[in-house]
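Q: Next up is a structure, given as structure tokens.
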Amino acid sequence: MTKQFAHSSIGDRRSSIVYSTSVGKAGLYTPADYIPCNEDDAFRDEDEEEEELAPVSSNAQHEYESLLDANNARTLQREAQQGMTEDEYEARRELIDEERDLLIDNKILEDRRGSGAGGAGYGAVESSSEVMNAWEQAIENGKRITTSYKRETQVLGVNALPLVFTFVLQNSLSLASIFSVSHLGTAELGGVTLGSMTANITGLAAIQGLCTCLDTLCSQAYGAKNYHLVGIFIQRCAVLTILAFLPIMYIWLFWSETILNWLIPDPHLCELAARYLRVAAFGVPGFILFECGKRFLQCQGIFHASTIVLFFCAPLNALMNYVLVWDKRLGIGYLGAPLSVAINYWLMAIGLLLYTIFTDQEINPMKCWNGFIKPNRVFKNWRKMFSLALPGILMVETEFLGFEILTVFASHLGSAPLGAQSIVSTVASLAYQVPFSISVSTSTRVANFIGASLYESCIITCKVSLLLSFACSSFNMFLIFFFKNQIARLFSTEPDVVNLVISTLPILAFMQLFDAFNASTAGCLRGQGRQKIGGYINMIAFYCIGIPMSYLLAFHFKMNVGGLWVGITCALVTMSVCQGFAVFHCDWLEIIHAAKSNNAEASRA
């Protein structure tokens, strides 16, 4: 087997980071990491016959021409001629460049950009196919190819930078609401926190879980060249999700305050949260369409569309929060925050629609849209969607619920602690974006080296990832600790809230070290293909250690909001140690063998 870099296929690239207005953080593991998938079952059910599924069986002989096809060095030009998207071609080109750099570093190829030194191996490179041939030749001749700490620092840093930009844009959506409302008062800040928490748990998490079925269905339909099925699956999922949300919307509109009063001791907070939900509910259909539309594009290899939409919507969201909350002529106060959220959901959906229609991609994504299907066909084959979506719903709900439980705990401490918890969570989420970006970059790099059977380079990449995470977390720790007073007063002018935030931020500052190590080691595990191990470690540490300790320290030991974060820090320490042990005390040869087996199975599928 050729030991080229493992070029990721669009079939394996799952949906982008979970989007929400939560004051918590996105998780390190997606539902798709845990969902077993039978490709044949994803398209047809023996008990459910349908005419549009016939092309799947007729196309069974077609192999999915993914970017992972490195078994023949001359496939690059052939794939480009056979309809490679611009994103796919760019991904292949970037990985070829990385192979070229490694060959030059190991003095196997001559660097024509420099003085030409060290070109003893296979001579200068003229084309991508020659790079791939040189790589294969080097492996066959027993040449030792290794990376360096300097090279990995450059690669991980460069790859992480655009991700930081994307994740900060996503995070700014919740940041704008918290920031604008926090200056209205402690009760209002607590109300928007409780309202967004309820929206996440009862609505947005379930919606995103339902939409995870499209990660499997649409990617496989597109890979099998059944393009019309992509549009059919999108429409069915959108209708299914909207219908599923209608009873939840009814509860938000008419029963949310009553239900919240059973759980939260402060009636005024419950009233404010219910008002938030009544307004935000009208934006959720837009959010559903955005989630479905995002996956419609991602299955075709178009991953930057949602970032482009966020680039325009994030500033508009901040502007709307200012105008609708604070402007003397147009502002409506507290309700301006949920109204901004609702409008922004629709703007994101419309923006994605406009991108899909007017994009100048080499292959128009509209080829997967054959118009609206007949109403009687919308309601067919829902059983398969439910079977794929149910694990996704459970995993996303579990992910969301973890940090939202802390919000419930804080609400029982009082309105000021709830407001402080909201601010501290927002700061934690913002600080998390840099190490999380490094984590995503690390997982891709480690996977590439495993595909190339270069386990020594994998170890170097993992070590560099930890070093970069330590540097970033140290910088975050410095900022949070020494500017805690300014951060607290930036978000609130209420003395009780400010004092609680100031007393809690040093704990958060210390937590940055382990938050970053947790993210880094999780990225290494994902790259190794052992994300399930990390997911189980996270769940056990968080739910068996973190949350129980948070409750005990906050209520029984009277540590207030600080106790909540000490408990979470203990969970992160456990995660970091366990995941680090799993990463560096593994059988790399077994991992490489498993990757080869998976690739062989994929090539035969």
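Every residue gets a Cβ built from N, Cα and C, even glycine.
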Q: Please identify the range among 28-63, 100-135 that TrEMBL labels region 'Disordered'.
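A: It is 28-63 that TrEMBL annotates as region 'Disordered'.
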Q: Can you tell me which recorded stretch out of 332-358, 535-557, 563-584 has the most Cβ pairs within less than 8 Å of the transmembrane segment (273-290)?
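A: Most Cβ pairs under 8 Å with the transmembrane segment (273-290) come from 332-358.
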Q: Sequence gap of 6 or more, Cβ distance under 8 Å, 3 or more pairs: do the transmembrane segment (386-410) and the transmembrane segment (535-557) meet that?
A: yes
Q: Can you find at least 3 Cβ pairs under 8 Å between the transmembrane segment (535-557) and the transmembrane segment (563-584), where each pair is 6 or more residues apart in sequence?
A: yes
Q: What else in the chain is close to the transmembrane segment (332-358), if you only count residues 6 or more beyond its ends and a Cβ gap under 8 Å?
A: 21, 173, 176-177, 180-181, 184, 188, 191-192, 195, 272, 275-287, 289-290, 293-294, 296-297, 305-306, 308-310, 312-313, 316-317, 320-321, 323-326, 365-366
